[in-house]
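Engineer: Below is a structure I'd like to ask you about.
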Amino acid sequence: MFGRVGATGRSAVAGSNETLARVPAPGEDDDDDLYSFDKKPAGIYDGFSTSAGRALPTQAGYGGLRTGFRTAVGTAYGDPNAGGRPMTSVRAAGYSSRGRPGMVAGSAFDPFNQGRNTPSSPYKLEVSPDEHLKTLEKKINQLITESTILSSPLHNNPHLALEKAKEAAKKERLLAKQREQYIASTAGPGAADTPHATANLDLTYCVLLNLADQYHKNKMYQEALNGYAVIVKNKMFHQSGRLRVNMGNIYFEMGKYGQAVKMYRMALDQITNANRDIRLKIMRNIGISFVRMGQFQDAITSFEGIMETSPEYHTGFNLILCYFALGDRDRMKRGLQKLVSIKPMAVEQNEDVEGPPTSTALRDEPIEDHEVFNEDALRAIARERRKAAERAIILAAKLVAPNIDDAFANGYDWIIDTIKASPHAGIANELEIAKAIQFLKTKDFQKAVDTLKTFEKKDQSMVGTAATNLSFMYFLDGDYKQAEKYCDIAIASDRYNAKAQTNKGNCFFVKGTFDKAKEYYQEAISVDAACTEAMYNLGLVNKRSGSPQDALQWFEKLHAILRNNAEVIYQIADIYDKQGNTSQAMEWYNILISVVPTDPGVLAKLGDMFARDGDKSQAFQYYSESYRYFPSNMEVIAWLGAYYVDCEVYEQAVQFFDRAAAIQPSEVKWRLMIASCHRRSGNYQMALETYKRIHEKFPDNVECLRFLVRICTDLGMKEGQEYVEKLTRLER
């Protein structure tokens, strides 16, 4: 509101709020205050005015102005006898008649400066150097976080992560430079002791480590090594020596195993025995590096040290591999015994859920209810580790069994007995299956069948696996009735057995019952969407039953799973070829050639397609390549010989026809072609001798006699009459 200049010489402006300021009326006591609790009847408050300067009418008209006046809170300025409260009582809240420092006329009341640092504000406050350094550190931390997230498996964008890491390193160097300038420009001995003026070693370490790690993930090995070297050589970074493990990993990936071992050992020297797990992992890396270098005895030393301190499956398997490489049977046995003696990881079960159900209806389900209820992240990890342990034992047993005894069957028997006496007795049955498969590989069919048949009475849990293998062996042997019988046993044991469903479909396929075969193949795919055998066979069934388009769809779907499978690519190309789509067929055959570049049949097929298309030069190229890899294909030999005849290069044609005559000595046409080449090249004497040899071996060949008569007549030879008489008798 408007006011007058009081005795103090200051502008008596009450403030920016809309509180009514009172002007005393004539005759009123000066001690009357706006905040008085005395109740007075309406109308006696004469001379009120608003903060905007409007006077309120009263019974006596407008109140007159006095020498001093009261503010909105009742404090009198210009009146030495005023008894109101001082202005300092509300100064802490930002109210002041003088205004705040930096305020100009017309500016809004902003005691906390909330609008002064916005981009659009014309009254920005200056940012202190300390605040600027703090903001820059936050930006660097944000860049490091973004770089780490981008390089994680979830995003898998190492290139962009590297760019973020480089930007963070650039800003960190800028931060160090500005910090030095700030310390140099700030007066006073304590300038360097402010929180953001001191060097942030943790931030620098984090930036350098992240940059080196991103170089490593982008396969920029030398840059990564340089980055790690900067950290390791800086004495201000404590415990940085363990980063030599990362440097060793880089050398390992580069194939410099000697340098890798050196770095691993330097890291091992700087890690105390308190970090036992890390030391054991470094020792395992050293052992693997020695294996890559072929120094198996040094590798054995590292692996044995680990197995004595803290036995684990991965190291035990590697140790057996080293024993196998040295051919030491006794140590292979001891290594396997040590491996199977390791206590397996237990998988905790939910106390509210009892053991697996035993009813037949529940056993038919693919996943038991108790497994679903017991599943969580920790149990899943435990199951994965247990599977990895079992896999290591099975692989080691398969490797060792044929080599610890002269007869592999005795080796398998010793291993099976050893495992049955260990905590891993449950996997002994799988080794029995492996033994049967080994019999099959050695063509001992009957022993393989006998081994698998023992599961029918011995172990019901393995009946399905054994029956599936038996059906496959009987199918290969051509006994389709027995194959179908064991397929039914396997399906009855586990109706979600995709391999058994596929074998049953194969039995119907060979019988020509394509509809039933389709049903079983589709059932196998519905059980296991990645059953490639069922997909391939389903494509063959559709192709055989006259549905090439359906077959093409299945083969293309299978090609998306098996990108470099030659059989699948050939089937796709063959379907296009039979449909008359030559361009697509050529494209797929060329893809097939990139997978199997030495296949003579595919090369001959491409040559035939180019020959049909009229491109003889391309056809000659592919036929020549096919002949180079398989010089006994009669179709290729005949085409190449005919090509040289068309080109009138008879000497080359004779070579191909000679090879054809050597492959098929009872076929007269190849000898006639040789004689024809001699005759066309003008070598009549050689042609005559060739025809005579043909007549001696094939005296009843009319074509040979005709050429003999023609040549003898042309040369004026008397023996031509003899050939004329023979020809006449044959023609009669």
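Quick reminder: no glycine exception, Cβ is built from N, Cα and C everywhere.
TrEMBL annotations: computationally assigned, not manually curated.
The repeat 'TPR' annotation in TrEMBL covers 241-274, 280-313, 498-531, 566-599, 600-633, 634-667.
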Engineer: What mean pLDDT does the predicted model reach across the repeat 'TPR' (498-531)?
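Structural biologist: Its mean pLDDT is 92.
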Engineer: Could you give me the DSSP helix, strand and coil counts for the repeat 'TPR' (566-599)?
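Structural biologist: The counts are 27 helix, 0 strand, 7 coil.
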Engineer: Mind checking which residues of the chain, 6+ beyond the ends of the repeat 'TPR' (634-667), have their Cβ under 8 Å from one of its Cβ atoms?
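Structural biologist: For the repeat 'TPR' (634-667), the nonlocal Cβ contacts are 600, 604, 607, 611, 616, 619-620, 623-624, 626-627, 673-674, 677-678, 680-681.
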Engineer: In the same chain, which residue numbers or ranges, 6 or more beyond the ends of the repeat 'TPR' (600-633), come under 8 angstroms Cβ to Cβ?
Structural biologist: 570, 577, 582, 585-586, 589-590, 592-593, 639-640, 643, 659, 663
Engineer: What does the DSSP secondary structure composition of the repeat 'TPR' (634-667) look like, as residue counts for helix, strand and coil?
Structural biologist: 27 helix, 0 strand, 7 coil
Engineer: DSSP says what for the repeat 'TPR' (600-633): how many helix, strand, coil residues?
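Structural biologist: The repeat 'TPR' (600-633) comes out at 27 helix, 0 strand, 7 coil.
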Engineer: Quick one: DSSP breakdown of the repeat 'TPR' (241-274) into helix, strand and coil?
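Structural biologist: Per-class counts: 26 helix, 0 strand, 8 coil.
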